[in-house]
Structure formats: C-alpha cells, structure tokens
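Among the features that TrEMBL reports, disulfide bond is placed at 32-42, 133-143, 192-256, 205-266, 236-246, 297-361, 310-371, 341-351, 402-466, 415-476, 446-456. According to TrEMBL, the domain 'SRCR' annotation covers 1-63, 65-162, 167-267, 272-372, 377-477.
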C-alpha cells in the first residue's frame, strides 16, 4: 500500500485510528511479502468464521521518505512533498539528518552519506530547502527546513544505512543451529513458531551463511526464549536474503508463547569442497572466499595441506594429490595465495596463508585431491580383533568392502595397520557373515610397503557390482613378526 505512492510503512494501526470506514468489510487475511508493487499481487485467505466490523478497520502510516536505486537501506534520498517525490540536494543534508532518515526507515545507523549522484541522477524534481535535524527526531518531517539552494541533478544526496536487525541461533551446539532470535531496536527477541516452515528456515540459514536448512522446529527443542516475541506468521519465499525482507504480522504482533519459539538446524557453512570427482571425497579442490568458490592452484598446495583438507571434509586421509587440472578446469576464479599447513590442523582456516606469495595460475593448473573416504577400519565377527569381516567407517557409518576389490597385498597392509602381524588369508562372507550398510567397491592398489591402507592408490571407485554376499574378510597372523 505505502509503496504505491507514499514510501515505506512505519506502523499498521487498527481500531480506527484514522476514523471508521463505511461499506462492506472485506475480511481477507492479506499475505504479502513486502516486495509486491500492488496489494492485488499479495496472496489472501478468506476468513469465513471471523467477525469483523468497522471498529477494526486496518490503517497505515507511511514514512514519506525513501531510498531508491540501491537496496531498502541504501540509495538516492527522496522526500514526498505535495504528492510528488523529490530528490534531496547534497548541500542540504548532513550527519544529523542521516540519523533521522535511517531511524525512520528502521535501517539502523547511517554508515555513509554520499553526494554527487552516487546512486544515479534520476528524473525527480529537486528538494532545495535545507533540512535542519538535531538527530534525535523519529521522522524527517519533524525537522525544520529553511533557506533554498541552487542544485542540479549532479548534486543528488545518497545514503547508506546500517540495518541493525541481526539474526542469531542460540542454545544449539553450533552457530548454525538453535532458537531463532532477532535484534530489533537494540533488544533481542524470538520468532513465533506458528506457521514456521522450511522456506523461513532457509532464509535464516542463508542470512547466517550456514548452508541449507535441515529442519524447522517450534517445540522448544533448544529451550524457551525470553523477552519480546518480535515476529510471527512469517511468509518467506526462500529466496530472500534476510528475514527482515519476509512478510510477517508486524513487529511484536503475535498470539504466541515462548514454548512455540521458532528454531532452525542448518547444514553449516562449508569453506571447502571437492568438485567433479567420482565420489564426495575426490575432485577439484575449491575454497569459499568472499562469497565466491575459487579453484586452488596446484603450485600452492602440498601433502600437509591435503591432510587438513581430507580431515576437515571427514574424508579420512589423502591418497593422492593431483595437479594439471586432473578433475577438469572448471570455470571458477583461481586461489593463488600459498597455503602453509603443518598437517595437524583440524581446518584449513587454521593454516597460514601467505598473501605475499602469489602464483600466476590458470585453470590448467587447478589442484585435485583423492581422499581415502573413510576415517577408521576394523575386522569384525572373527575370533579376535585380528580376523573378521573388513569394515570401513565413512561419515560415522560403517560399511563393508566388496571381495572383487581386495587382494593379499591390501590384506597385508591392513594387518600391518592393525598391528596384527601378516596376512594369512583373504576370505568371503561365508567365513564371517554378511554385513550391512554401504558396500565399498574401492580397488586398493597396494605395493605391500605401505603402513596404512590410506597410503594405497585407488584405481577405481564403485565400479564392481556387489552385494553383501560378497563381503570380504581377512585373517591375520595376530602377532607382529620382528625381523
């Protein structure tokens, strides 16, 4: 409604603050996101069982000021005067005026006041009276205006406000899970969980750079909040970048208690990924930096760095580091700063980055990585820990290994790694029974000199057709032989 001619909405009063209407009372519950240009574009629900009369006529108070050409909280400043939007001259506007405009638009504090048509010249008339705010007014119309100045379209005033509404997730086991709380006018409050769904959760995860939504909850799983319940009946489309851009019932308007506070579990932001490999733990290495995925130059990456990457991705140990775009060139920008890990870090972000050591790289030099894909191994269902069905752990799940991918050389390395002597025999599932879970069809190319299975090359992934009737088992000598 305000967007049609009058700027942004300040409040939505009811109970006939602007007087009683007449004629029919349409009791449609309007569902707007706030981005529509006309009320007809909003969704609505007919409330047949809800009684309404003119005592409850809806009203709107609009701000009469707007920022255009940027975002909701940044752009060229325009003031509504005599039903006409007018651009403000930059010689008539200062920091105190900016404080009032940002406050009126509920956009926090001013970050930067810009002149010289920073957000374009536009085609509006010019407001040439000097605005004289003290800085504590709630609306620009409360500030006095005085003498006129000569201004051209090159002198448009522009403004960047810092939107003070923040979102956080509290009481979870990470910053990407917990009860949803929003900061409004300097106070943290919760969000009502009624009608809370995955599209709403997706906006929170996106705003916090926490990946994708895993679950949208409203059952006090993360405990009840306190203080105001700022938002309710959220209507996010899932594509919004911030919760504040979603439609809602209005600030502090709800019929909710804290035992229905909205909660979110996000997947968590990933700073690393392996792309275009044959499985999740192989591919072209990419680092997320400044909102952009960047491929890593092979000249800046070594075995110690690979140890950390595989560990961070929960992909076991590095098997092979490959250069020369082994997994394709891709079309991402190139990360050319040298990474210096010791090899024992839990995340690549804990490693030193030498920004002064940059390399000239093209997409022909992207580095690729093959990780073992498993974090632990065991022999199970045997008479002791040195005999049994071979199982590998991948992402906290245990799985078996296909006998088509296994030989005595791999068994020898496995026995050595488990401190179980030498390999005596490789057997089928009729010895130690069939397992469950995922069947790994990895072909381990060991040369017998390796001390760990993760040091063996992997020549193919998931190529053999297997069932649990082909689960491989190993019998070790049980005692290490000293030479």
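Each residue's number is its place along the chain shown, starting with 1.
Glycine is treated like the rest: Cβ placed from N, Cα and C.
The C-beta environment of residue 192 (disulfide bond), restricted to residues of the same chain at least 6 apart in sequence and closer than 8 Å, consists of 229, 231, 232, 233, 254, 256, 260, 261, 262.
The CA atom of residue 266 (disulfide bond) is located 16 Å away from the CA atom of residue 236 (disulfide bond). The C-beta environment of residue 351 (disulfide bond), restricted to residues of the same chain at least 6 apart in sequence and closer than 8 Å, consists of 305, 308, 339, 340, 341, 342, 345.
Look at the disulfide-bonded residues 32, 446 and count other Cβ atoms within 10 Å of each Cβ; 32 has the fewest. Closest to residue 297 (disulfide bond) by Cα-Cα distance, out of the disulfide-bonded residues 133, 236, 246, 466, is 466. Residue counts of the domain 'SRCR' (272-372) by helix, strand and coil are 19 helix, 43 strand, 39 coil (DSSP-based). When other Cβ atoms within 10 Å of the Cβ of residue 415 (disulfide bond) are tallied across all protein chains shown, the result is 23. Comparing the Cα of residue 236 (disulfide bond) with the Cα of every entry in 32, 42, 371, 415, these being the disulfide-bonded residues, the smallest distance points to 32.
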